[in-house]
Structure formats: C-alpha cells, structure tokens
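Input: a single structure, listed below in structure tokens.
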C-alpha cells in the first residue's frame, strides 16, 4: 500500500509529463532526498544464481537508470540488484517526444523511447567510479543506425567487462526497427556465438567470467519460443530474462492512450509475461536461470513469477504508480509469505505453479 507521503509525491510528479517526472525522480535519488529502506536481511531470500549471490530476488529492471546515474541509490531502496541501460555504443537521442504515456486506470505505461542513452563511455565512467559490492547488471543494445548490430553487442561486452556483474543482451525492444528480428533462430545463433565468444575471451584475460542473460519479448509464437530455447541450450548462455514490453493492447481500460505506438508495461503485462515465462521454463528445463519481468506490483505477484519458474524477478513500471517504497514493501512481503507458506527458502517455492501458468493463454 502506498503511504500518504508517497501518494502526495506521486500526485506532484503526475503534474508533469512522464519523461520530465522520470528525470525529477533520478535527480531526487542523486541528491539523497529519497530515504533509504531499512530491511533486515532474510537468509531465506538469499540465492546464488549464475555464480552471483543475491541478498533478495527483487531487481530494478533496465530502462529506469539508462545511463548508470543512480545504481547505488536504487539498491538502498531495497532492491537485491539493479540493471542499467539499455546502453548503445554511440549516444543516441531516441524517438521524438512525446514518447512515454501513462495509462493510469490500467497502472500501465506505453513507451517508444528507442534506446535513448548517452552511450558506452558515459555509462562506463560512472560504473568505474562505484565502490560498493552490489550487483549491477549492464543491459546492452545496438544503435538504430548500426550497420552491424551484432558488433554493437560485442562492443558492449568488451567495454563493460571490467565493471559489470552480469550482462543482458536486449534483442526484444519493439522500439528499434528490426531489433526483434535477432530473435529469429539463425540470427540468434550468430548473436549468441559472437557475444559468448568475446565474453569467454575476456574471461581468459581477466580471470572474471561475467554471466550473460538474453532478454526476450512476450509476443512470441510457440515456434519462436522453441527456437529461442533451443539456441539458449545450445550455447553457454547463463540465463533468460522474460520478458520485455508487449505490443498487445488486450483488455486495456484506457483506449485513448492504448492507440499510442510502443511497448506496453505494467500491471496488464503480468498475465502474458508470466505465461511465457512458464512456457520457457518448461522448454529450457530446471537448471537455466530465468529472471521474470512484467507487471510485478506486490509481494504476491513477485512470488507468483517465482512459482511460475523464475529464479529472480524485476520491476520498473509499477514503481511509477506505487512509489520508491515499493521495493521494500515487496521484500518484506516475500518474507511474510515464506512465513505463511512455512517455506525454508524462496527457492523451495519455484515451479510450484509451473503447470498452471504454462497452460495459460498467451
């Protein structure tokens, strides 16, 4: 439940257009105006996934801190990890404004940002200055005008290898024309081969092998899911992130804003993304890590992602509506749910509703 102070702050931010409000929230985190969340560590929430130890399973998804401006401040809100980006080799301005739209009745957001970011060098400089031991992932993408998109992903691995705790290859944004074509099997095989080869090359030189995750779309056919699963298992990929935003507008109340082009995120994405998550878990088996994203708005929805097959979960859009207290509320709520379930660990509940979600309509 959003507290009165956060409700007032949200009302103030909602007086501004979404992109301006986003910039104001980044500025507030930079300045220390947002209070840190005090959460007692719960060893039942701690997991080691892809060689990394996460104090709790909740992460901030990519898209909020595009330029690595506030990763440590985000961890202080209660997140167990955070993901910066998407970053591209060269700076780019993205698509014309307006390009973010609130669907308040639906607690959803439509964006067509188009990988607006300051480029590799700006993000690298900021990450190199961090002194903490938190888990910061780097979400890498390709420039819109790139003549060799796979080379852009390879460049991201090379540039951030010394500062990233994990990588995410984002091939599923709907806002860069042709990007989702990299999910097609032949293209995906070429991408994974190139990215993982340079990751292994850098590991030999540095002694640090950085996990690589692949972020996929929710708008996949069954054949598309088959192909991605097959290639994920055929390469030494460290995990999947399921899922990015959707092009679907099914069931929305705000039909005026629903007409805007772009990817939909927030509460309406929960069902679809969770069903795709479960289908992918069925396809890749029990061992490949999966991070579940899409519509996480509470401890209950976070746990439901885990029951559907996720090891970790991420959120972003729902914090637009619930405020910066949401991560702490969810983490405390997960501990309470483990008490209720009499579960010794969060891992013990993974896959407990896998069959239910895998059978749901996508």
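Every residue gets a Cβ built from N, Cα and C, even glycine.
FMN binds 62, 63, 64, 65, 66, 86, 139, 170, 215, 243, 266, 316, 317 as Swiss-Prot records it, and from the list 119, 285, 295 the residue named for this site is 295. Annotation note: residue 139 (FMN binding site) sits in a strand segment as assigned by DSSP. DSSP assigns residue 114 (substrate binding site) to coil in the three-state reduction, outside any helix or strand. For the recorded positions 139, 173, 215, 266, a Cα-Cα cutoff of 10 angstroms around residue 112 (substrate binding site) retains 173. Here the CA atom of residue 173 (active site, nucleophile) lies 7 Å from the CA atom of residue 244 (substrate binding site). Rounded to a whole number, the distance between the Cα atoms of residue 64 (FMN binding site) and residue 173 (active site, nucleophile) is 14 Å. Close to the recorded substrate site, the chain also has 63, 86, 94, 173, 174, 176, 262, 263: residues not among 66, 111, 112, 113, 114, 115, 170, 175, 244, 245 whose Cβ is within 8 Å of the site's Cβ mean position. Separating the Cα atoms of residue 139 (FMN binding site) and residue 170 (substrate binding site) is a whole-number distance of 6 Å.
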